Every structure is written in C-alpha cells, then in structure tokens.
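Chemist: The active site, proton donor annotation in Swiss-Prot covers Glu63. The annotation Zn(2+) binding site is assigned in Swiss-Prot to His61, Cys93, Cys96. Here Swiss-Prot flags 10-134 as domain 'CMP/dCMP-type deaminase', drawing on sequence analysis.
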Amino acid sequence: MTSEKGPSTGDPTLRRRIEPWEFDVFYDPRELRKEACLLYEIKWGMSRKIWRSSGKNTTNHVEVNFIKKFTSERDFHPSMSCSITWFLSWSPCWECSQAIREFLSRHPGVTLVIYVARLFWHMDQQNRQGLRDLVNSGVTIQIMRASEYYHCWRNFVNYPPGDEAHWPQYPPLWMMLYALELHCIILSLPPCLKISRRWQNHLTFFRLHLQNCHYQTIPPHILLATGLIHPSVAWR
C-alpha cells in the first residue's frame, strides 16, 4: 500500500531536496537541457550515515563546484576513506574529467561512482577520452537505470504526499542507447549513437549507426538489449 506521506518535515535532507518538476526537466534522458544538476551521496569511513545534497551549474560546472565545496568545508586528511556517489544529469566534459582525476589523485582514500542520465557532447573526442581516463583511474561510470531514478526520487526529491511510488518512469530504450554508446566510449570505438533535435516540436531523435567494429567488439547481448538489432544479424 502506498504511503500517504511525503518526505517528513523532520527529514534533515528536506531543505536540500529538489522539486519534482526540477527532477523531471533535469533527468529526463529524452531532454537536452543545457544546465546540469548533481545529486550526491557521501559516506565517511565505516559510518552507516549517508550525507545527501544537490548542486547545479553556476559560473562553474557542477563537478567543479562539488570539488571546491568538498575540499573547503572539511578538514579532510588525504588517507581518510570516503565513498562518493554522483547522480549527474550530464556526463562530465573533458575539463571536468581532468579536475575529477586531479581531485582523486590528491585524495587516494576517496572512491567515486558516477551515474549519468545523458552523455554530454558524446561525439567530441576530448569528452570521450576524458571519460575513458576516468574509468582507467578507477572511477565507475554507468548510465542511470530505473532503479537509480527511483532511488533519486525517494532520497533527493520533495515529492508530494502519497507520490513516493509515482516517480517518472522514462522509456528504457533511451537508457539502453546511452549505455550502448558509453560502451563504445570505454572500448575506444567510434560513436554509434546519433542525436538530433527538431526545435519546432521539441522532439529528440536517436539513431543507431553501427559499423563492423561495433559488431566485432560489443557483446551481442548488449546490442540485442536495445531491441533495435535483429538476432539474425551476423556477428563477425
């Protein structure tokens, strides 16, 4: 039975939650909103407590804002262990990827997991290399799935009373397409996902352009999961 309560007024994270409409416009994978949003969780050492908050673009990207805030507000010993999870509306650009790597090199006790709703200018070679460098540095990067969207809705959104289960359920195809392109990036393959926007009716179009190298390198079950590849396609 669905609870008739929204986030409790006694919830210490309530003032740091975003509104439902903000979550929708920032994290809908079909939208190409320019601004970025970051929802994050921090867990220190062996503590079970999780610190949650959010951030948005200012004059800097949200990733840089987080790093500045994190390093300035706490006397953080480099050897202290800390687990950080980011839920980003856009993947980091190459400059932010470099800043993240520098931050992690100065704080070897920090582990970082990044979930992204969309890939930022994924055709740009510098952005692609930046994401590969992060992965090679030990950062986990994944596309947000339904479970991550629900987690964010429950823990970061000031949803109305009774609407805990009424989180936005976006079509899984968009998530699968972005996940496929992320595989291409990590494996140093050419882009396979083309994205275009028709501004008159605000529709976003996704198109797959697979080459032989994609069929040769990407596991078949990942390609088949999109539902756009026929099982009879010959893998070489």
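The backbone N, Cα and C atoms fix where each Cβ goes, and this holds for glycine too.
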Chemist: Say we define neighbours as other CB atoms within 10 Å of the CB. Which of the binding-site residues Cys93, Cys96 has the fewest?
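Modeler: Among the binding-site residues Cys93, Cys96, the sparsest Cβ neighbourhood within 10 Å belongs to Cys93.
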Chemist: To the nearest Å, how far is the Cα of Cys93 (Zn(2+) binding site) from the Cα of the residue listed as 'active site, proton donor'?
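Modeler: It is 9 Å, counting Cα to Cα.
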Chemist: With an 8 Å cut-off on Cβ distance to the His61, Cys93, Cys96 Cβ center, who else from the chain surrounds the Zn(2+) site?
Modeler: Ala36, Val62, Glu63, Val64, Pro92, Trp94, Glu95, Ser97, Ala99, Phe120
Chemist: Cα-Cα separation of the residue listed as 'active site, proton donor' and Cys96 (Zn(2+) binding site), in Å?
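Modeler: Cα-Cα distance, the residue listed as 'active site, proton donor' to Cys96 (Zn(2+) binding site): 6 Å.
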Chemist: Same-chain residues six or more away whose CB lies under 8 A from the CB of His61 (Zn(2+) binding site)?
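Modeler: Ala36, Pro92, Cys93, Glu95, Cys96 - these are the non-local Cβ neighbours of His61 (Zn(2+) binding site), listed in sequence order.
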Chemist: Could you find out if DSSP has the residue listed as 'active site, proton donor' as helix, strand or coil?
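Modeler: The residue in question, the residue listed as 'active site, proton donor', is helix (DSSP, three-state).
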